[in-house]
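Colleague: Checked TrEMBL, it gives:
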- Lys14: active site (ACT_SITE)
- 80-156: domain 'GHMP kinase N-terminal' (DOMAIN)
- Pro108, Val109, Ala110, Gly111, Gly112, Met113, Ala114, Gly115, Gly116, Ser117, Ala118: ATP binding site (BINDING)
- Asp150: active site (ACT_SITE)
- 215-273: domain 'GHMP kinase C-terminal' (DOMAIN)
Amino acid sequence: MTVDTTVTVRVPAKVNLQLAVGPRREDGFHALVNVFHAVSLFDEVTVKAASPRQPRALAALTATGQSESHLARVPLDETNLAARAAALLAEETGSGFPVDIHLDKHIPVAGGMAGGSADAAAALVACDRLWGCGLSRERLLDLAARLGSDVAFGLVGDTAVGTGRGELLDPMASPARYRWVFALSTRGLSTADVFGEYDRLRPDAPDPRLDPALEKALADGDAEALGRSLSNDLQPAALSLLPELQRTLDAGRSAGAIGALVSGSGPTCAFLIGGGGEDAAVVAEREAGVVAALRATGLCEQVVAADGDVPGTTVL
Ligand code: C5P
């Protein structure tokens, strides 16, 4: 039997097609209906057996990525969710040896696209493989849910609805592929701060419900209808904390995006460009117009295009 000494796992970012936020629960979390959609912006997480020469912490982290400002927001200590994933797996299985975890980041950091959660999902899968734990998918999903509300979705990918605090996942029928453009901000927003602002703005939040129009648009593969049904209850809170995001959303919409919203708790803004049965040349032209308009605002650190949906964690 060969034993892996290095495992690399690729994991996608998510955008929320609907984020319905209910009242704050007794445990401090909010009841959610969260429609996750995995898109082709990927982090790669590499886990390697550490040199056995000296005793050291279970996980030592390093990170690379295209954006210095985003990398500066990645904690490289035991608070990083990827390190916490390794620690939880070791604790639960009684196995594990010291590892070096390298994060190659392409998902925006503190950007509302679940980058930290994605890295945790990838670290779970990579350590499970490297340490030979062989956990079932069910147990991995259970550990993921304990790490954070968005971690389990990284394992699953595609399009799924999350209930509870977002961690209880059911797949959603979504046969078509869509093209997206994402406007990355130079700033990050703390998820907890955005939920706090939501509580201030919406003390009377109703129980969250899945939007049947969104469900139908996805099942039909109807890009125009999907664009009309995108919704995010956290958007007013994110705009309240970073008002300039409204100009970014307006610029993309005016340039022809068929849908626009803040992704999750922001500040990344997501623009639906097209897809389903639409002509590829028409979609490409629309994308070029939206990208140019967003760049011209001078408000975006980067503007990137991606496809959705895509599968969850993949061992490379
Ligand atoms: O679960 P996760 O660690 O990703 O959550 C980050 C923060 O977002 C929580 O500490 C909480 O403030 C907020 N949150 C919430 N309700 C949820 C999910 C997250 O209030 N359902």
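Glycine residues also receive a Cβ, built from the backbone N, Cα and C atoms like all the rest.
What you see is a predicted model, and the numbers here were worked out from it, not measured in a lab.
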Colleague: Check each residue in the chain of Gly112 (ATP binding site) that is at least six apart in sequence and keep those whose C-beta is under 8 Å from its C-beta; list them in sequence order.
Modeller: Leu189, Thr191, Ala238, Val262, Ser263, Gly264, Ser265, Gly266, Pro267, Thr268
Colleague: Would you mind checking how many other C-beta atoms are within 10 angstroms of the C-beta on Ala110 (ATP binding site)?
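Modeller: So the number of other Cβ atoms within 10 Å of Ala110 (ATP binding site) is 20.
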Colleague: Once near-sequence residues are set aside, which residues in the chain of Ala118 (ATP binding site), 6 or more away, have Cβ atoms under 8 Å from its Cβ?
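Modeller: Sequence-distant Cβ neighbours: Val11, Pro12, Ala13, Lys14, Asp43, Ile107, Gly154.
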Colleague: Using DSSP, how many residues in the domain 'GHMP kinase N-terminal' (80-156) fall into helix, strand and coil?
Modeller: 46 helix, 7 strand, 24 coil
Colleague: Looking only at DSSP and grouping its letters into three states, which state does Lys14 (active site) belong to?
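Modeller: In three-state terms, Lys14 (active site) counts as strand.
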Colleague: How long is the line from the C-alpha of Ala110 (ATP binding site) to the C-alpha of Asp150 (active site), rounded to the nearest angstrom?
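Modeller: Here the two Cα atoms lie 13 Å apart.
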Colleague: Write out the long-range same-chain contacts of Asp150 (active site), meaning residues 6 or more apart in sequence whose Cβ is under 8 Å from its Cβ.
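Modeller: Long-range Cβ contacts: Lys14, Phe36, Ala114, Ser117, Gly162, Gly166, Glu167, Gly264.
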Colleague: Specify the count of other C-beta atoms within 10 Å of the C-beta of Ala114 (ATP binding site).
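Modeller: Within a 10 Å radius of the Cβ of Ala114 (ATP binding site) lie 31 other Cβ atoms.
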Colleague: Taking only same-chain residues 6+ apart in sequence, whose CB is under 8 Å from that of Gly116 (ATP binding site), what do you get?
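Modeller: Gly116 (ATP binding site) has long-range Cβ partners Asn80, Leu81, Ala82, Val109, Ala110, Gly148.
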Colleague: Do you know which of the recorded positions Lys14, Pro108 has the most other C-beta atoms within 10 angstroms of its C-beta?
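Modeller: Max Cβ neighbours within 10 Å, all protein chains included: Lys14.
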Colleague: Excluding Pro108, Val109, Ala110, Gly111, Gly112, Met113, Ala114, Gly115, Gly116, Ser117, Ala118, which residues of the same chain place their Cβ within 8 Å of the centroid of the Cβ atoms of the recorded ATP site?
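Modeller: Other same-chain residues with Cβ inside the cutoff are Ala13, Ile107, Gly264, Thr268.
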